[in-house]
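What TrEMBL records for 6-26, 38-59, 79-101, 122-141, 161-182, 203-222 is transmembrane segment.
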Amino acid sequence: DSPLLAYALIVPFLIILYLLELFVIFRHRKTQFKSSFFRIFSILAIVNISACSVGTFVFRLPLYPIVNGMFNEMSESNGWLVAAYSGAYYFNCLSEFMGVLQAYNRFTTMFFPLVHIQLWRWAVFLVILFCIALAPVWYLFDDDVMFVKVVNENCFTFQASIFLNMFMVSGVCNALSTLFYGSCLVRMWLFTANRNHAAERNLFVVGFLTMIFSLPFMAAMVRIEITSCVKTRGAEVDMDVATFVAFQLPWLTDLKYLAPAPMLLFTNAALRKSIRKI
């Protein structure tokens, strides 16, 4: 199965890269990587790795005949399945909110450099985000979760409520991030002589590209939500397109979860040098 082989080669490599970066950042957290940006990046990395790992079990492995036989014994709901299923969506929401926090960090650094430390109460922000991320998914923790064998290739069940919530979370978070990063881009363009321009530009690029790589997932949510609305109104739905989009979701989530790792490596010379010394 070529998709499974591609997953087995690419995703573990990027997760290992993430872990190496986390190790280096933690090791030099009081010297080279003491910026609040790296704190957010580290927490976001942990969230993304968790989301990717749980999502692999819940959404990706059931798609591959070579391994999905193990799910035959999971036809009844239990606490572990509920936790995994709910956790996959929770980590997705938390990742989106953390992306906004990362954008806000760049915004305050560039626009309010003299009071940035006073404005940046990252621990308080994190507690708030961890709680807010429960809002779109709280009811899933009380649902029954089980794996059901699907015989028809084009069978696709719309989970209108959770897809609508994911659509709203992704749309709002990307809109806020676009506002913050757009402001930062204008700031850098107008004040190119800033003494920290190169460093701020590189961190901006990491955050901005992280947002860009989350847009395909948002586009998929838009497409699924449109299809769901059309089906609800009784109109004809192209199920081939809907099924195709739904089956791409694991790849799109992996893209937004794991893209920050190579982005930081490519833009940060100090990180590359530290990794080579390990």
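Cβ coordinates come from backbone N, Cα and C, glycine included.
In TrEMBL, annotation is done automatically, which means it is predicted and not curated.
It should be emphasised that the depicted structure is a prediction, and the values quoted were computed from it without experimental measurement.
When Cβ distances are compared across the two stretches, the transmembrane segment (79-101) makes no contact with the transmembrane segment (6-26), since fewer than 3 pairs at least 6 residues apart fall below 8 angstroms. Below 8 angstroms of C-beta separation, residues 89, 92-93, 96-97, 99-100, 102-104, 106-107, 136-137, 139-140, 204, 207-208, 211, 214-215, 217-218, 221-222, 224-225, 228 of the same chain, each at least six residues beyond the ends of the transmembrane segment (161-182), sit close to that stretch. Same-chain neighbours of the transmembrane segment (38-59): 7, 11, 15, 18-19, 21-22, 25-26, 29, 84-85, 87-88, 91-92, 94-95, 98-99, 101-102, 105, 122, 126, 206, 249-250, 253-254, 257-258, 260-261, 264, counting only residues six or more beyond its ends whose CB sits under 8 Å from a CB of the stretch.
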